[in-house]
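Engineer: Before anything else, here's the structure in question.
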Amino acid sequence: MARLRVYELARKLNMSPKELLQELEELGVNVKSHMSYVDEEMANIIIDLLEEDNRKAKQPSKPKKEKGEEEVEKEVVEKKKKKKITLKPDELKLDIIAEKIGVPQNKIIQDMFVKRGIALRPGQILKLEEVEQILKEYKIEIEIEEEQQTSVEEVDEFELLEKRYQELYEKEKDKLVPRPPVVTVMGHVDHGKTTLLDRIRSTRVAEREEGGITQSIGAYQVEVNGKKITFIDTPGHELFTEMRARGAQATDIVVLVVAADDGVMPQTIEAYNHAKAANVPIIVAINKIDKPNANVEKTKQELVEKLGLIPEEWGGDTIVVPISARTGQGVDELLEMILLVAEMNEIKCYPEGPARAVIIESKLDKKMGPVASAIVKDGVLKVGDAVVASNTYGRVRNLFDDNMRPIREAYPSQPVMILGFEDVPDVHSNVYVVESAEKAKEIVEKRLQRLEAQKQSRKHINLEELMKMMQEKEKKVLNLILKADTYGSVAALKNAINKLQSKEIELNIVHAGVGEISTSDVMLAAAVDGVILGFRVKVNNQARRLAEQEGVDVRTYSIIYKLVEDLKLALEGMLEPEEVEEVIGHGEIRKVFKISKVGKVAGVQMLDGKADRNGFVRIYRNGQLVFGGKIESLKHYKEDVSVVEAPQECGIKFAGFDDIHEGDELEFYVIRKVKRKPTFVEEQADQEQK
C-alpha cells in the first residue's frame, strides 16, 4: 500500500473524512486536511488503532452510574445561564434586537456577514429566519409573542413558511439526510465552463451555442459513482449574486474555472469575489492543460497573487484540480473532489413533507404559459401541489426533469421545470408548497400588499446616509465596489483608498475591476450593502435602472481627488462626534442664603465670562474640588434667567448639593459636540515621522 490521502484512508475504514480527521487529532497525528498524505507505515498503525477501538466499543459496557446531585445541579445552573429574549412581531428590526441582546448593530452586521454570509443594514426590518440566525450566533433563545389580530403590515406568511423549515432543521436533526450538492460553475469568458459541463453530461451543448459562449441558464443533474451532483450553468455570475441578494441561496459549492493558457483574468477575479462574499466553498479547476502553452504552475502562482487562494499542495486549503474539459483528463478527480467537499460540509435536507424550492429561471412560453426552472431544496414536489412564489401562486400542472421528460415528483437538489403558475414568478425567489390553492392566493395577495407598503421605505446605504448611520463606538466597515478604465487606474484608486484606512473605520474593497459598471456590480453591492465608485467609466443603462430599483448608490468620477474628498466626508460622518469641555466663566460665592422649602442658595459674584443655566459648574474650596454637576436654578435678582454675564451678581441653586460656603470658587463650563475626523494611515505616518 503506497501513501494515501486522508480521504482515501477514510474510505478504507468506512468513515467520513471529517470523522477520520477528528480521530487523527485525538491520536495526535498531525494532518492538515482531508487532502493531506499519510505514509504506508502510519496508515497501517492508524488502521490497527481504530480497529482496536471499534472492537472495544462493541464489548458490553458497564451500566452507567446515575448522575449525582452535583451534576444535576450543574446542568440546571447551565440552563439558567442561557439568555432568552421575547420579541413582538413589530420588533423584528436590527436596531431593536441589538439593544435587547446588548450587542452593537455594527458588530452584528460584521459577524453575520463574515461568519454566516448574511448581509444586513442598520435598522433593517428582518425576516424571522434572519432573527433566528442572529440569536443563534450569540447563543440566545427567542420567543415571538403571538397577537390575537395581526394586520398585513405585521406578518409576512412567507417568513412563517421559511420558519417552518428552520424549525425542522433545528428540532428534527435526526431526520435530516445528505442531499446531492448543487454546484455553480464560474469563470472568465471562453475559459471552458460550458465545455466542462458538456464533458460531464456527455452531450454536445457547447457546439449549439453561439461562438461557444453560454447564452442561456440551465440546471442539470449527473450521477457519479452512484452519487448525484446538480450543476447550475449560468452566463457569468449575475444569477448567483442576484439569488443571494434576494435571500434564495441555492449554491452549495462553486467551481472556479481558470484556463491554464490564460491565467487569472478580470472575470475570474469578479467571479471569485462573488463566491467569497457568499461564503461558499470554492474548488479551482485549472482547464485546458492539454494546450501546448498551458502553464499550471504559473496559474497556481496567479491564484495566490491575485486571489489569495493557496493550493493545498502548497500548504493552503484550496483544492485545485488540473483538467482538460476537451479530453476529459482530470474531470473524474474534479467530480470526486466535489463529492468530498459536499461530504465535509455535511450538505443535508429535510427529505419528507411539503417541498420548498428555488427558482433559477422563469419566462412566459407562448404554448405552455408561465414556466419556471427550479431546484428543490427540501421535501418532495408533486404534480397537483398548491404553490406560492414571491409574486404569484398556482397549482403544479406539470413537472419536467432536466431532459424535459414528464415526471410526477421531484426530490431535493433535483432541477425541475414547473408549469401551473398564474403569472411568471420572480427569478431567484423561493417556492413553497401550501395546503390549498385558496390559501396560496391569500398568502400572495397579502404579500403583494405588504411589499407595496414597504416599497417607499426600502433603500440601501449611500454615502450621505453613512453620516447618520451606526453611531456605536466599535470599528465600522464600509464595503466598496471599484470600477475604473484601466488596471493602472484601479491600482491608483486602491492606493488612494488604502491611505484612508484608519483605526476607527475599515474600508473593505469587495471587488475591483476594469470596464463599465454592470448589473453584476450592482447586484454584488446590493448583496453586501456596498457603494459603487467608478473612475472614468460609465454606468450601462441596465445597471442604472437596476441600481435605482435596488437602492444602490453608484458614483462616477473623472478626477481621483474628488472621489477621495467625497469618501473622506462620508468617513467623517460615520464617526460619533467628540464631546469637548469648554470653560465659559468664573465666579465666587459671596453670601449663602437659607430659604425654607428650597434649601441653600449661593449669592454669586461673576468674575469673568458667564454662567449658563443649561451648563455645568465645578466648586473649589481651598483649591480642592468639592462638587461638579448641574445648575438647578439661575436667578438675576428675582427673575429666572438662562445666562448671567460678568460683572453681574446672581443667585444659584446647585443640583443635589447644599454644602456651600462663602469664599467657594466657581468654574462654569459647557459640553460641546465637535465633529471628529478619522486619523488616516497616511496622516498617522506623517505624524510619526515628525
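Each residue, glycine too, has its Cβ placed from N, Cα and C.
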Engineer: Which residue range, 212-216, 327-331, 452-456, 457-461, is the one Swiss-Prot calls region 'G2'?
Structural biologist: 212-216
Engineer: Can you say which of 143-146, 287-290, 503-506 is given as region 'G4' in Swiss-Prot?
Structural biologist: 287-290
Engineer: From the ranges 67-74, 147-154, 187-194, pick the one that Swiss-Prot records as region 'G1'.
Structural biologist: 187-194
Engineer: For the region 'G4' (287-290), what are the same-chain contacts with Cβ under 8 Å, counting residues 6+ beyond its ends?
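Structural biologist: Answer is 187, 191-192, 195-196, 257-262, 296, 322-327, 329-330.
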Engineer: Under DSSP, is ASP190 (GTP binding site) part of a helix or a strand, or is it coil?
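Structural biologist: Once the DSSP labels are grouped into three classes, ASP190 (GTP binding site) ends up as coil.
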Engineer: Give me the non-local Cβ neighbours of ILE289 (GTP binding site): same chain, 6+ apart in sequence, Cβ-Cβ under 8 Å, ordered along the sequence.
Structural biologist: ALA260, VAL296, PRO322, ILE323, SER324, GLN329, GLY330
Engineer: By DSSP assignment, list the helix, strand and coil residue numbers for the region 'G4' (287-290), in that order.
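Structural biologist: Breakdown, helix to coil: 0 helix, 1 strand, 3 coil.
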